[in-house]
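**Q** Here it is, the structure in full.
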């Protein structure tokens, strides 16, 4: 295995040698800083300042040279354009061939420039990783965030790569104009679908597509989904064959996500009325809603394990379980059985395949579009959360068919049973089980890929993504230096072996990760309290009907995507994630505090505004919290049954279970005390999470 410093020297273009980042000098500086700090001759703050200045100088040198080269390419294209106009006026085959070859030469030089950017990007990422590893700082995230968002930052030139796009467009358009088409020359803009393009243009287009593959919003949503990726995997090592990727199967996977979220929240507006119609108290709605979450605690584990062997069979089982569960839920009314109602909801929870949904995206979707698929997972969940209560609000009819009753309480069960039946048929017809490599084949395939193509232009994407995450996130393609080459393959295999139990997974959690899981528990608890008791609270204080409750809940659900857009595209680029995290926790605390009914008559504006503030802040908090989790969780939690996605799912599900049990227990105090009795635990847990965040604030990214 070749050290990166030697690799960089070997791959440098000779005439450009003085414009590459001086990796060797910076590596020596890192060692020098370490000795100075150990000897007490240098303060850590001075080290950070000096190293930042050195990085700024190195990046400025590289970026200015890149811009200079882009200018030279633009000048050559301008000269070729004059010749081009002459050729178009007096077509000559030999001149056309010569001109096309000249454009190709510009394209090849552009590819060399992209390679130049690639090597410097990898060197920057690796020196940042080395600095963090040596001193234990989170310097990489700080450096990228402060430089990427500053108006005078040189890194912005790399992230936006506007000049590259202009050069690519000029080459592509002019080459296309020179293609013969029945004796005529057509503009590239005249055809909605481009014909087969020149190989040089295709190569450039592939590189540029990788650079612009993801936006801040998509990246934020992907981290919100907490779809874990192996931190040793890079685009060039993606083992998923594009030819075996099946788009319809991905749609079915996202369809399962959407329908399950609809199924979860469609009963919320009517659960209290249904409970009362079966002779139970209105607050038993907490148990009715929460029983689905109770079953999900167990189903998440076996679905996660099942996904190690198959994706199709778990999704079929999920559909059947949810079909049967919804039938039982709908039939409980005519059977006058609260037991059948609860068993039906438990059966629905046993069909929760969210662990499979996450795993399918991380394992079966090519890296090129995994960010979009992850964002689709979050969007499907948000849309289902909004559609569930809205659909319940529309089902305000009542009639009997033979001995079966169809009303606002039973129709959610009937509608979802039919929906899952149709989904099951579609699943059996269209889903394609992905091919699986054995563990040995996968390891061999990865080794062959990494040895044959350690560095490709695709890795430039890592710097572009630095706007949203540290450059060292997906590190591992090359060793940092010669000393890393001494690590044995056996140690590397041990560091990548997945956790085999919850105990193993728990031992891999750092204190900051545990705090973030606590935050996730808190926000899910607070949101579940707000949503699940909304029908009971609003009917008691304001006399709201089922339709009014449904509209309120649907409006809350519709805020999810806009809030994620706002945070992912704007707020996260203005502030550090840990700042957004703590601020959101405080706003959640304020929302909970103002939701209490204490000294004045409880009003609709107080309930709606405080609930909206708390819910929106919790949504912001969830996105940022899961974004942080996706960065700092051990790479061993990116694979296997007991992965990071399962841990977060279990934490959120347990929070929902505890919240729904709290609502039911609070009902014994009477409906007039239910609101305050359920908000008090939310307030205490929120305070605890804020204290924990403050204690670990400096260790967060």
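From the backbone N, Cα and C atoms, a Cβ is placed for every residue, glycine too.
Given the structure is predicted, the values throughout are model-derived calculations rather than measurements.
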**Q** State the residue range annotated as transmembrane segment by TrEMBL; the candidates are 205-223, 224-242, 338-356.
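**A** Matching range for transmembrane segment: 338-356.
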**Q** Match it up for me: which of 280-303, 448-471, 472-495 does TrEMBL list as transmembrane segment?
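**A** Based on what TrEMBL states, transmembrane segment spans 280-303.
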**Q** For the record in TrEMBL, which of the ranges 174-197, 510-533, 606-629 is the transmembrane segment one?
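**A** Going through 174-197, 510-533, 606-629 one by one, TrEMBL gives transmembrane segment for 606-629.
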**Q** For the record in TrEMBL, which of the ranges 139-159, 580-600 is the transmembrane segment one?
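**A** That would be 580-600, per the transmembrane segment entry in TrEMBL.
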**Q** Have a look at 107-127, 548-568, 632-652 and point to the one annotated transmembrane segment in TrEMBL.
**A** 548-568
**Q** Can you tell me which of 338-356, 377-399, 606-629, 679-700 gets the most C-beta pairs within less than 8 Å of the transmembrane segment (280-303)?
**A** 338-356
**Q** Check the transmembrane segment (411-429) against each of 250-268, 315-332, 377-399, 580-600, 606-629 and return whichever range has the most CB pairs under 8 Å.
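**A** Stretch with the highest Cβ contact count: 315-332.
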**Q** Of the listed stretches (338-356, 377-399, 580-600, 606-629, 679-700), which one yields the highest count of Cβ-Cβ distances below 8 Å with the transmembrane segment (315-332)?
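**A** It is 338-356 that shares the most Cβ pairs under 8 Å with the transmembrane segment (315-332).
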**Q** Take the C-beta pairs under 8 A between the transmembrane segment (580-600) and each of 250-268, 338-356, 377-399, 548-568, 679-700. Which stretch has the highest count?
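**A** Stretch with the highest Cβ contact count: 679-700.
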**Q** For the transmembrane segment (548-568), name the stretch out of 338-356, 377-399, 679-700 with the most CB-CB pairs under 8 Å.
**A** 377-399
**Q** Under an 8 Å Cβ to Cβ limit, what residues of the same chain, 6 or more beyond the ends of the transmembrane segment (338-356), are close to it?
**A** 253, 256-257, 260, 263, 267, 274-275, 278-280, 284, 287-289, 291-296, 298-301, 303-304, 306-307, 311, 314-315, 317-322, 324-332, 413, 645-646, 649
**Q** In the predicted model, what is the mean pLDDT computed over the domain 'SPX' (2-145)?
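**A** Mean model confidence (pLDDT) across the domain 'SPX' (2-145) is 80.
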